Structure formats: structure tokens, C-alpha cells
Amino acid sequence: MPRPAPGAPWFGPELDIETAVPQDYADALGASPSSFTFQVDYPLSNEDQVFLERQVRAIATLGAVVVVDLQPRTPLEGLSTEDAEGLGSLLDGLHDELGTWFLARFGAEMNGSWEPWGQQAVAYKAAFRLLAEGLDATAPHVETVWSPVYGSGYPYREEQGADGDIGLPDEVDVEPLDTDGNGRLAPGDDPYGPYFPGDDVVDWVGLTLYRFGQDQGIDSNVVPTGEYDARLAETWGYAPGTNGRPFYDRFAAAGDRPMLVQTSALYNPAVGGATELQLKRSWWRQVFGSAVDRPLIGLISWLEVDRIEPEVDTLAVDWRVTADPEIAAAVRADLEESTIDLGPVSEPVESVTPAVDDPVRDGDGSFVPVAGSDLPAGVTPDPSVRGLGIGGLLLLLLLALALLTGRATTRVTDVGPVDEAGRDLRLDLVRGALVLVVVAGHLAVVLGYHEIAGSALGAVPVAEGLVLLSGLAIASSAAVRSLRRVGRLYAAAVLTALAVYVVSLVPGVRAGRLMQLRDPVTGQVRELFPDADHLFDYPTPWAAAQRLLFLETGPWVTSILGLFVLLGLLAPLVLALLRRRLWWVVLSLSWALWGLGQVWHPDWSPAQFADTYPPLAWQLLFVHGLVLGHHRRGVATWLRGQRGTLLVCVVVAAYAGAVGGLWLNDIALDQDLVAGVDVPIGRVALVAASTLVVTVLVGTWWRPLATTVGRVLVPVGRHALAVLVAHTPVLLVVATVASRT
């Protein structure tokens with residue numbers, strides 16, 4: 001395996017193996033990293049293998065080294081030679097195919113008290129040697145990394161939490177750890193030596209050097225002047241007389257081994273002090289500069305995640321340097337000025353991701369990541385010119401049939417047929433049909449037919465129709481009733497998210513297809529339940545609760561409920577303007593916001609619906625529903641007249657002629673006009689044409705529809721929220737069964 005030149009270490013991030021897209025990181029950094037680090041459970045499950053292989057293939061296009069951070073998830077004594085050889089065979093095959101080089105870091109931070117494999121020196125060394133021997137037999141190009149955590153605070157009785165609620169493991173064999181011979185494990189004992197597996201099996205050494213701050217980041221953000229060098233000198237944070245020789249001297253220089261540094265600097269946005277750029281830049285400049293005096297530092301791995309940290313009172317903190325463009329530009333500039341050796345290390349290969357029509361699946365049958373999209377939607381409208389053409393001609397045909405079989409009957413009142421509660425049954429019928437299509441689309445996605453669902457729903461404005469109908473329904477309700485509806489929607493979204501997470505904990509349940517999204521086209525995986533594992537901690541961390549309450553946590557199948565909550569809160573204001581006959585102001589503002597939403601995508605909320613249903617764009621449909629609902633009598637009367645009928649015919653014929661002409665003349669479709677989640681102008685036209693045709697059809701054929709399909713669709717539409725919530729457990733069952741076939 002190649003080694004970095006003395007004083008010129010490789011650099012790269014540690015990313016989440018399930019959600020990361022290496023090219024996205026390189027783009028954000030503005031440079032090609034020379035390494036990537038991923039944590040993976042060991043022994044590898046089928047799912048772990050697929051995720052690791054897919055990430056390695058993506059990294060191979062950048063020519064970077066891969067650090068496989070192996071996290072033992074079974075007792076150390078239970079690890080076998082077969083586990084090591086299986087890993088070696090996988091890495092050896094990838095190396096032969098792609099030329100990628102690997103480092104295997106096993107059981108990092110084994111001297112800490114917070115890991116299941118921690119402070120078990122004898123068992124750890126035996127397991128490390130077993131792994132090294134297995135790799136040597138099957139993948140001799142893979143080099144091992146032994147990587148403890150910085151020794152200050154050892155044996156870390158209060159290291160993992162501000163209140164010291166996590167201490168030593170219940171059963172610690174003190175004898176091999178008692179290096180000062182006083183019969184107990186104490187700060188004076190050597191934090192490193194007892195865990196070293198041996199010169200013959202360790203190729204690299206490593207050290208975790210996270211910078212949490214002088215007061216664990218709780219009170220203030222302080223620039224860490226000189227702190228990194230003090231850690232390398234093994235002087236920072238030690239009580240007098242308890243520090244030993246520097247780790248670098250003992251294990252890197254003494255054995256002439258390259259050293260990996262796992263690092264990052266914590267910034268707590270909840271407190272004052274230095275800015276994030278000031279704090280992190282001070283740290284990374286010390287890290288980059290350290291290689292000049294310590295030439296065996298061969299790799300710097302920067303933790304690039306956003307997660308809850310007990311050290312800062314269970315707040316969510318951002319360790320990343322690429323999330324903020326200003327910070328990313330600063331670290332890129334300092335990398336270029338330093339001696340860091342950026343990629344590639346191996347020869348980059350051409351893209352090796354599977355073709356779209358041949359998606360790869362992981363161990364439970366779900367799609368695995370390929371490349372990047374951040375959409376949390378289960379289905380993104382992706383119509384074909386053929387689908388739109390056929391749909392447009394079908395709309396024209398249905399309109400013609402309705403006009404030929406009779407005009408909208410005058411026996412139907414302006415507000416439509418109603419039930420005893422005053423609900424417009426026509427709205428319920430149409431809503432019921434749309435809800436059933438949504439359920440069918442969700443089933444298709446869960447079963448793996450993502451492309452079919454995207455193409456079908458691209459030609460039929462289902463979600464758009466539901467939003468339009470929501471506006472129509474709210475316009476006929478009192479403000480108090482509207483706010484009650486918002487409360488029910490919000491409660492349904494939160495409780496459904498909690499229920500899905502709880503059910504996912506039941507052994508045998510496979511909820512990944514609802515709790516994560518793996519788009520077979522873009523490949524980006526988005527974790528839809530961030531920090532959900534902390535929801536039942538006591539006390540519950542505010543960051544985890546906040547993500548649930550702000551609708552960032554939840555299954556993708558109910559993410560549209562968040563949009564309905566937001567729009568429902570805005571409805572009283574819009575209706576107040578309409579009651580003052582300011583409909584022209586409302587529509588003008590709505591179109592202006594829609595236009596802004598076509599060119600500007602603000603990251604204003606972490607809620608799932610904000611990406612799937614951008615409010616600036618989707619409000620257009622809701623507002624038009626409110627306007628039409630508020631003026632429903634006048635609109636209905638006008639549409640029944642000759643001018644209204646003529647307008648309907650012209651709009652539908654123009655739309656059908658446009659899309660049908662594209663299809664019949666085999667003209668390429670501009671996807672920017674008809675696809676995606678921003679409700680582009682082509683989808684606005686589709687919604688307009690579809691709404692007009694459905695209005696005429698339901699008005700003309702109400703009686704036969706009501707006595708046939710209406711017997712099913714009207715109840716479904718009346719209880720649409722209950723149906724959307726109830727279909728979630730059905731999808732859980734389908735996902736679990738499908739994953740086992």
C-alpha cells in the first residue's frame with residue numbers, strides 16, 4: 001500500500017455510511033479529499049456489505065483511500081477468523097476491481113469507557129490479532145490501524161456526560177490495566193500501552209483528538225490556542241504527574257509507523273464566545289501545521305457529522321466544516337496553503353454505479369445509495385412525454401363525452417350536493433379518488449416500483465389536487481373549525497411518527513423503507529428519524545424532541561401533513577383578505593411568491609415537507625383553492641354559462657394539443673417545465689386542465705357516480721386523514737413481508 005510522503009498527510013472526512021454521497025462532500029469542499037472514513041458494524045451484515053461496497057465504488061471515482069472503521073457489535077470473544085476473512089475477501093475484490101486502498105481501524109477508542117468493547121485489554125488484543133491475521137491471509141494490501149482516544153481523563157469515569165452519569169463498565173479486569181501496581185484503575189495508569197496489540201500486527205497507529213472545549217463547550221466557545229500541540233505533547237488536560245511520553249513518540253516514531261489523527265472541533269451555537277469560523281479555523285490550522293514537526297502523521301480524518309452530544313448537555317452540534325460555504329471556503333484555502341496531500345491516491349475510475357434500470361438492493365430489499373438528492377419525497381413527479389400526451393388526449397375525450405351527454409345539471413346547487421353535516425359530497429368523492437391513488441403510489445414505492453410510480457403520478461396531479469381541494473374545503477369552514485383541523489393534522493403527523501418508530505423497534509419488523517429513502521435514480525439516502533433513539537431518554541434531549549415537534553422526524557408517506565399544517569395556519573389571513581374583496585391582492589401575491597419559489601429555495605426549515613413540498617411553490621395551489629371556494633357560487637354560475645363552457649374547452653384543448661403534439665411528433669420534453677417538486681408552469685397547466693375537466697365530469701355525471709364508485713370514494717374522502725394514517729401500518733407490514741421474499 002502506498003504511504004503518504006513525510007510531512008504531507010492525506011486528508012478527508014468521516015461520513016455516515018448510509019447517507020453520505022462522497023462527490024457531494026468534494027463539491028462542498030471545492031477539492032478532492034485523499035481519504036474517506038466510514039463506521040461500519042463488524043462482523044459485516046449483508047446490509048453493511050452493500051452500503052460499504054456502494055460507497056467504495058463512489059469513492060473510487062475520486063481515487064481516495066478508504067478507512068473502514070470497524071465497530072464490534074458482538075462480544076470480542078465471539079469474533080472469528082471467518083469474520084476477518086469475509087471482510088478481507090470483500091476488500092480484496094474491491095481493490096482488484098477498482099484499485100482502491102483500504103485501512104482497517106478496528107475497535108477505535110478501546111481505552112474508553114463508553115464503547116461496548118472498551119477497557120477489555122486482553123480480549124481486545126486477541127480480537128485485533130485475529131482480524132490482522134485474517135486480513136493478511138485474504139487481503140494483504142489492507143493495512144491495520146490501532147487507534148485509542150487521547151489519554152487525558154483516563155479511565156474516563158465522567159468523560160461521556162456533563163453529569164458523570166456514565167462511568168466504567170460493570171466488569172473491568174483491572175490487573176492488565178493497572179500499570180502503576182497500586183491495585184486499582186486510576187488516572188496514574190497508562191492509557192495506551194495495555195491495549196497495544198503488538199508490533200507485528202499494527203501497520204498504522206491512530207489517536208482520537210476531538211476538541212470539546214475547555215468547559216466541554218457548555219458555557220462558552222473558546223478559541224483553542226495551542227491546545228492541539230499540547231495534546232500531541234501529552235500535556236493538555238492531565239493532572240500533575242499523571243502524563244506519560246507523547247503517543248506520537250511511543251507508537252509512531254518508535255515503530256516508524258504512520259499515524260492517523262481522528263479529529264474535529266465542537267462549536268456550540270447555544271452559547272456565546274468565538275464564532276464558529278474562528279474556533280474551527282484555529283483548530284484545523286493547528287492540525288494541518290502539526291505535520292511539519294511530526295512527519296509521520298499520515299492521515300487527518302475530520303468528523304463531518306451533525307449529531308447530539310452528551311458533552312454539551314445533549315444538544316445537537318455540528319462538527320462539519322462544509323455545511324457553511326464560508327467555512328468550507330476557509331478550510332479549502334488553508335488546505336491549499338498547507339502541506340496536506342489531497343487526492344487522488346489511486347487512479348480514479350469511471351463511474352461504476354449500477355444503471356437506473358438495474359437498481360441494487362440491500363439486505364432487506366431496499367434501494368441502496370448511488371449518488372445525491374436530498375429529497376425526502378417517496379415519489380417525485382417524473383412524467384414522460386408519452387404519459388402527458390395520453391393524459392392530455394384523455395382529458396379532451398372525457399370533456400367531449402361530458403358535453404355530449406348533457407350539460408352540468410341545474411338541479412345541482414351552486415355549492416354541490418351536501419350531506420347532513422353540510423359537506424360537499426363532490427369534494428369528498430374527488431378527494432377519495434386522489435387518496436386511493438396516493439395509497440397505491442406508496443405501495444408501489446415500498447415494493448420497489450419507484451420509476452413506475454414517479455411516471456404515473458407525474459402525469460396525474462395527485463398531490464397538487466389534494467392541496468387544491470384542501471383550500472376549497474377550508475374556504476367553506478369557519479376559522480375556528482379550520483384551526484381545529486390544523487391541530488388534528490399536526491397531532492396525526494407527530495403521533496404517526498412516534499408510532500412508526502416504536503413499531504420499528506419490534507424484533508422482526510423491517511421499517512427501513514418508511515424511515516429512510518433510497519432513491520434508485522439519485523441514490524441519496526436521507527435518514528427520516530434523526531436522533532429518534534434519544535426520544536425515550538430521560539430526560540429527553542431537547543434536540544431530539546425538537547426534531548419530532550418540528551416535523552423533521554417521521555415516515556415519508558405522511559410528510560405532506562406538514563404542508564397542510566403550515567397552509568392551514570395561513571388560511572385565516574387569506575380568507576380575511578378575501579372577505580374584504582381583495583382577491584386580486586391575494587392572487588397577485590400568490591403568483592409572485594410562486595415565481596420566487598422557482599428560482600429561490602431557502603433552507604428555512606428542517607421539516608421534511610419543506611424540501612418535498614416547497615411552500616413558496618405549493619401555496620399557489622392552496623390559495624387558488626381558497627379563492628375558488630370563497631367565490632364558489634359565482635364561479636359555478638359562470639362556468640355553467642356559455643362563456644364558462646367556452647373557456648373550459650379552450651383551456652383543455654390548448655393543453656391537450658400542446659402535450660399531444662409533443663408526443664405525436666416525438667419532440668423531447670423539457671423536464672424543468674413539468675417535473676420535480678417546485679410545481680413548474682407545466683404542472684400548473686396540468687392542474688388547471690384536470691381541475692376543469694373533473695369539475696365538468698362530476699357536475700354532469702354526479703348521480704351515476706354517487707350511486708356507484710361514490711359509495712366507496714365519498715367515505716374515503718370524508719375520512720381522508722384517517723385513511724392516510726391507517727395506511728402507514730399497512731405499509732409497514734408490506735415492507736416487512738417484501739424484505740423477506
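Using the three backbone atoms N, Cα and C, a Cβ is placed for every residue, glycine included.
Computed from a predicted structure; not experimentally measured.
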**Request:** From the ranges 113-132, 613-632, grab the one TrEMBL calls transmembrane segment.
**Result:** 613-632
**Request:** Quickly jot the same-chain residues contacting the transmembrane segment (582-601) by Cβ under 8 Å, restricted to those at least six beyond its ends, or write none.
**Result:** 574, 614-617, 619-620, 623-624, 626-627, 630-631, 678-680
**Message:** Considering only Cβ pairs within less than 8 angstroms, which of the stretches 456-477, 556-575, 684-704, 716-738 has the most against the transmembrane segment (644-664)?
**Reply:** 684-704
**Same-chain residues at least 6 beyond the ends of the transmembrane segment (388-408) whose Cβ lies under 8 Å from its Cβ atoms** = 458-460, 639-640, 645, 648-649, 652-653, 655-660, 662-664, 669, 674, 686, 689-690, 692-693, 696-697, 699-701
**Complete:** For the transmembrane segment (716-738), the candidate among 429-450, 456-477, 556-575, 613-632, 684-704 having the most Cβ pairs under 8 Å is 429-450
**Complete:** Among 456-477, 556-575, 684-704, the most Cβ pairs under 8 Å with the transmembrane segment (613-632) come from 456-477
**Item:** Distant-in-sequence neighbours of the transmembrane segment (456-477), which means Cβ under 8 A and at least six residues beyond its ends
**Value:** 379, 381-384, 387-388, 390-391, 415, 424, 427, 430-431, 434-435, 437-438, 441, 444, 485, 560, 563-564, 567-568, 571, 575, 578, 613, 618, 621-630, 632, 674-675, 679, 683, 686-687, 690-691, 720
**Asked** Other than its close neighbours in sequence, what residues sit by the transmembrane segment (684-704), given a CB gap under 8 Å and a spacing of at least six beyond its ends?
**Response** 388, 391-392, 395, 398-399, 402-403, 405-409, 412, 417, 426, 429-430, 459-461, 464-465, 468, 620-621, 639, 648, 651-652, 655-656, 658, 674
